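> Below, the features straight out of Swiss-Prot:
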type: BINDING; residues: HIS182, ASP201, ASP267; note: Zn(2+) 1 binding site
type: BINDING; residues: ASP201, GLU240, HIS345; note: Zn(2+) 2 binding site
type: DISULFID; residues: CYS312-CYS316; note: disulfide bond
type: CARBOHYD; residues: ASN202; note: N-linked glycosylation site
type: CARBOHYD; residues: ASN226; note: N-linked glycosylation site
type: SIGNAL; residues: 1-18; note: signal peptide
Amino acid sequence: MKIATLAVVSAFAATAIAGPIRPDGVGNDKFLIELGPGETQWVTKQQKHEMRAYINSIYKAGQGFVDITDEFGTDFTTAEVVPANYPKSALHAAVVNPMIAGLSKENLMRDLNTLVKFNNRYYESPTGVESATWVFNEVQKIIQASGVKGAKVEKFTNKFKQFNVIATIPGASKNTVIVGAHQDSINQKDPMKGRAPGADDNGSGTVVVLEAFRNVLKSKAIQAANATNTLEFHWYAGEEGGLLGSNNIFKKYKADGRKVKAMLNQDLTGFTKKGNPEQFGLITDNTNAELNEFCKTIVAKYAALKIVEAKCGYACSDHASAHRNGFPSSFIAETNFRNTNPYLHTADDVIANLDFNHMLEHAKVVVGFMGELAMTPNL
């Protein structure tokens, strides 16, 4: 995707300022974005939105950038990948199958109907904060109802208004397994005030992770504190602004020396194009090859759909934040990016376009991923 990122840079070269050197007069109105390893530009907020729109017009979905403004002047280097040992087969069906049995399409519908009622979930809008608050409160209710000892939820704040939500289920070890989804949405023409229901992008991933969390907490093994590894469920802020929330989290985890052994991203889980085979898209660029193989094992064991490998370009979603900070990550999307939802980032990204049966298959994969790795020793 090197050529693609260079094409984007060229398209904006007349107005954007080459990085990484801070140009004279640059203040809070300029942002440093990374379009690929070593490819940076200073842009205004308007240019950042225009660049995202330009990228979308060419690639439809995928190919993005990371806003690395806060890294300017630091010695950021891509960390060495945290080593992990993934099972070659699914070994904990007795734990996972009850989780799958509890998954509810009705819960997915109910939760998504709530999310799309916010005018938008843009990371700097009032309703973007309100939607994050709704997710936080919902997670809190789920934890309280479960009675699982040590389970907790916290707000991970950012310099912008919207916060990340992190739920933790402690295990016997500090080795951590994460599933995440961004909950913000954007109307590309009017980010702050425009209608952006974001049903697919990424209300669908948000509620899939929420429903998975609900059923992992119902597991007898989890309730008995038998998990070997710590589990985290993330709902990210500001993905549409350049992976802002997730990059903040994984930068801190890297600085803190956290042992994140696996991260699974759920972004776009509900759209299937008519006339095309229903399938998962397993993203192979900017992800971990060994973890991807484990994901194939999970899909084969617990889901009814098959996988097709695909690429989505640099920084296309939040798994890239984990990847650039040295943590193994995978991304399973609703399909390959050639057949993705044509309504993304518009007022027409609505529930009527989605398939809740497809979303349920994603939820099966998530609980399979989390359940299996929760119980894996020596990860």
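Quick reminder: no glycine exception, Cβ is built from N, Cα and C everywhere.
Just so it is clear, the model here is predicted, and its values are computed rather than measured.
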> Within 10 Å of GLU240 (Zn(2+) 2 binding site) (Cα to Cα), which of the recorded positions HIS182, ASP267, CYS312 do you find?
HIS182
> Beyond the listed site residues ASP201, GLU240, HIS345, identify every same-chain residue whose Cβ lies within 8 Å of the center of their Cβ atoms for the Zn(2+) 2 site.
ASP184, SER185, ILE186, GLN188, ALA196, GLY198, ASN202, GLU239, LEU344, ASP349
> Between the Cα atoms of CYS316 (disulfide bond) and ASP267 (Zn(2+) 1 binding site), what distance do you get, rounded to the nearest Å?
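Per the Cα atoms, CYS316 (disulfide bond) and ASP267 (Zn(2+) 1 binding site) stand 10 Å apart.
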> Including all protein chains displayed, how many Cβ atoms other than that of HIS182 (Zn(2+) 1 binding site) lie within 10 Å of its Cβ?
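Other Cβ atoms found within 10 Å: 29.
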> Roughly how many Å separate the Cα of ASN226 (N-linked glycosylation site) from that of HIS345 (Zn(2+) 2 binding site), to the nearest whole number?
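Spelling it out, the Cα of ASN226 (N-linked glycosylation site) and the Cα of HIS345 (Zn(2+) 2 binding site) are 42 Å apart.
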> Between C-alpha atoms, which of these recorded positions comes nearest to HIS345 (Zn(2+) 2 binding site): HIS182, ASP201, ASN202, ASP267, CYS312?
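Its closest listed neighbour, by Cα, is ASP201.
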> Across all chains shown, how many C-beta atoms besides its own are within 10 angstroms of the C-beta of GLU240 (Zn(2+) 2 binding site)?
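27, counting other Cβ atoms within 10 Å of GLU240 (Zn(2+) 2 binding site).
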> These are the glycosylation sites: ASN202, ASN226. Which one scores highest on other Cβ atoms within 10 Å?
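Ranked by Cβ atoms within 10 Å, first place goes to ASN202.
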> Cβ neighbours within 10 Å, counted over all protein chains: which one of the binding-site residues ASP267, HIS345 has the most?
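Within the set of binding-site residues, the most crowded position is ASP267.
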